[in-house]
Amino acid sequence: MAARLLCNNLTTSALKLSTRSASNFTDVVFVGAKRTPVGSFHSKLAPVPCTELGSAAIKGACEHANIKPSQVQELFFGCVVPSDVGQGPARQAALGAGVDFSCAVTTVNKLCASGMKAMACAASILQLGLQEIAVGGGMESMSRCPFYIPRGEPPYGGFFAKDALVRDGLADGFTGKLMGLCADIVAEEQGITREMQDKFAIESYKKSAAAWENGHMQAEIVPIEVTAGKKKYIVDRDEEYTRVDYDRLPKLRPAFRKEGTVTAGNASTINDGAAACVLTTVEGAKKYGLKPLARMRAYGDAATHPEKFAVAPSMVIPKVLKLAGMDVKDVDVWEINEAFAVVPLHSMKTLNIDPSKVNIHGGGCSIGHPIGMSGCRIIVHLIHAMKPGQIGCAAICNGGGGAGGMIIEKL
């Protein structure tokens with residue numbers, strides 16, 4: 001009976017949370033936010049398991065928050081393709097960072113929105129009063145995803161291997177269609193041309209290059225020391241933005257269908273990396289002497305038909321704006337994940353968002369898109385890029401037709 005009453009009380013509290021007014025979201029604050037560099041596919045970060053990347057991000061975020069990892073009471077961490085990583089990837093990352101054995105840890109898989117969902121879970125735990133300090137984030141080593149062969153007797157002619165990255169990360173779980181093909185179809189339906197997508201991608205690369213050159217990215221980075229055989233080196237910068245050929249990009253062939261408009265140049269790349277945020281309540285920050293960096297104003301999810309995932313951010317953005325008591329014009333800085341250029345282009349077109357405020361230092365096309373990391377990376381960047389008093393909105397689509405959204409205020 002007592003257990004049933006407790007469950008009922010928690011359920012009632014959770015239901016109230018999901019419908020709380022904007023003012024009730026303001027009791028959660030970010031006190032630490034860091035990420036690793038984003039490595040290119042089979043490149044500088046490829047020798048590093050995703051759990052070690054996660055450990056580095058968690059440890060870096062805790063240092064940024066001026067807390068010991070052992071002070072973290074609960075941790076949620078995204079990982080989309082944990083094949084051959086070992087049991088409990090998030091637990092491995094947490095303990096590797098120095099988090100105490102007593103810390104509750106959960107691995108989150110909401111595909112590309114995993115990192116953002118992990119932060120939402122952390123915020124919910126804090127709002128329910130169950131913990132005082134929590135971490136949310138995500139990690140992925142797409143370079144290390146293995147191939148699958150079926151268990152059982154070998155068929156005549158041998159085994160056929162499946163790519164774990166494609167099977168569990170980059171293809172629709174219902175039809176097997178590649179995410180890029182689905183995005184291509186949405187682009188055609190929404191009148192988003194090849195020229196529009198290429199122009200957006202080129203601008204993304206130029207913004208990322210300028211951001212690094214002007215010192216706008218360095219503060220959010222945790223350098224990674226890599227050992228590859230006898231070689232040792234430090235990775236402290238993103239790789240992808242340096243690998244563009246501006247003359248070649250508009251000439252690339254369509255990647256997913258002959259008459260398509262999505263190419264390798266106007267889509268995100270395959271990457272490695274991790275990001276983490278430390279969250280607490282206003283009361284928790286006072287209790288532990290922590291400096292709030294940003295305030296959580298709203299978070300939520302939206303969903304549509306699985307093959308229409310590219311339009312889902314334009315559905316979740318109005319939802320979180322309403323929860324925060326805001327309008328599009330109230331947002332100073334936007335981070336709309338560039339899984340494909342068509343995604344932010346659709347959101348900007350549908351919601352009449354000022355392009356000059358979107359992905360001001362580049363995005364997935366130019367930085368890269370480690371799928372378990374990106375939902376947290378875009379929040380980490382907002383925290384570091386915004387000025388005090390500014391409002392930031394982040395949104396990210398995910399396979400299965402979903403999207404996550406979050407609004408924060410820089411303090």
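The backbone N, Cα and C atoms fix where each Cβ goes, and this holds for glycine too.
Features of the protein shown, as given by TrEMBL:
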- Cys112: active site, acyl-thioester intermediate (ACT_SITE)
- His369: active site, proton acceptor (ACT_SITE)
- Cys397: active site, proton acceptor (ACT_SITE)
- 28-281: domain 'Thiolase N-terminal' (DOMAIN)
- 290-410: domain 'Thiolase C-terminal' (DOMAIN)
- Could you measure between the residue listed as 'active site, acyl-thioester intermediate' and Cys397 (active site, proton acceptor) for me? Cα positions, answer in whole angstrom. 7
- Note on the structure: Reduced to three DSSP states, the domain 'Thiolase C-terminal' (290-410) has 49 helix, 35 strand, 37 coil
- Nearest-integer angstrom distance between the alpha carbons (Cα) of Cys397 (active site, proton acceptor) and His369 (active site, proton acceptor): 12
- Overall pLDDT of the domain 'Thiolase C-terminal' (290-410), taken as the mean: 99
- Which residues in the same chain, at least 6 apart in sequence, have a Cβ under 8 Å from the Cβ of His369 (active site, proton acceptor)? Cys112, Ser268, Thr269, Ile270, Asn271, Asn337, Glu338, Ala339
- Item | Cys397 (active site, proton acceptor), number of other Cβ atoms within 10 Å | 33
- Within 10 angstroms of the C-beta of the residue listed as 'active site, acyl-thioester intermediate', what count of other C-beta atoms is obtained when all protein chains are considered? 33
